[in-house]
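Encoded as structure tokens, the structure appears first; notes follow it.
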Amino acid sequence: MTQQQRETNGRRRPIDAAKQQTRNFTIKVRGQSFGLPVECVKTIFHVDKVTPVPLAPREIAGLANLRGRIVTALRLDRCLELDGGDRPDSKLAVCIEHNGERYALLIDETGDVVTCEEDERMVCPTHVGQQFIDATNACYRLDDDFLPILDIPALVRRLSRQSESGGRDGHSRDASRGGD
């Protein structure tokens, strides 16, 4: 009898049938925890200055310098409809990469890397907004709370569409300037 068979007969799972796990870097935005797939996170940094981009959607804070490379800084609170009023932009950012482009997600706090198992996966609560749900690809139970995992490709696609259409209201850039 092989070691793997003994473990199976002893109620242990064979190695090839192990539970599927994902590792996520946790962040906080406006008091809400989120997870980012660790493979998307490149670095954490403090933003010294954000240069505004004229006519950009309100979710785009502007452009920031990351070690000599210009990255688009995103207001994650606005991307997820967690506004709750105006406040100063966060100076803490997580640099993520999608399709070779880097983005700075402006956040409030960083957390730990957590391992989420597939059997802890749950349906996102219905009390959160649709934009919040559209920006996540999974939710996991963590103790007495839940951890939504951000869907980076979906978030970037939505912001790209908004930028191409002239902003969040869907007006063209010329129309937003009054037809200049």
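Including glycine, each Cβ sits where the backbone N, Cα and C put it.
Residues or ranges marked as compositional bias 'Basic and acidic residues' in TrEMBL: 166-180. According to TrEMBL, the domain 'CheW-like' annotation covers 21-161. Annotation source TrEMBL lists region 'Disordered' at 161-180.
Remark: secondary structure over the domain 'CheW-like' (21-161) totals 25 helix, 74 strand, 42 coil, with classes taken from DSSP.
Averaged across the domain 'CheW-like' (21-161), pLDDT in this predicted model comes to 88.
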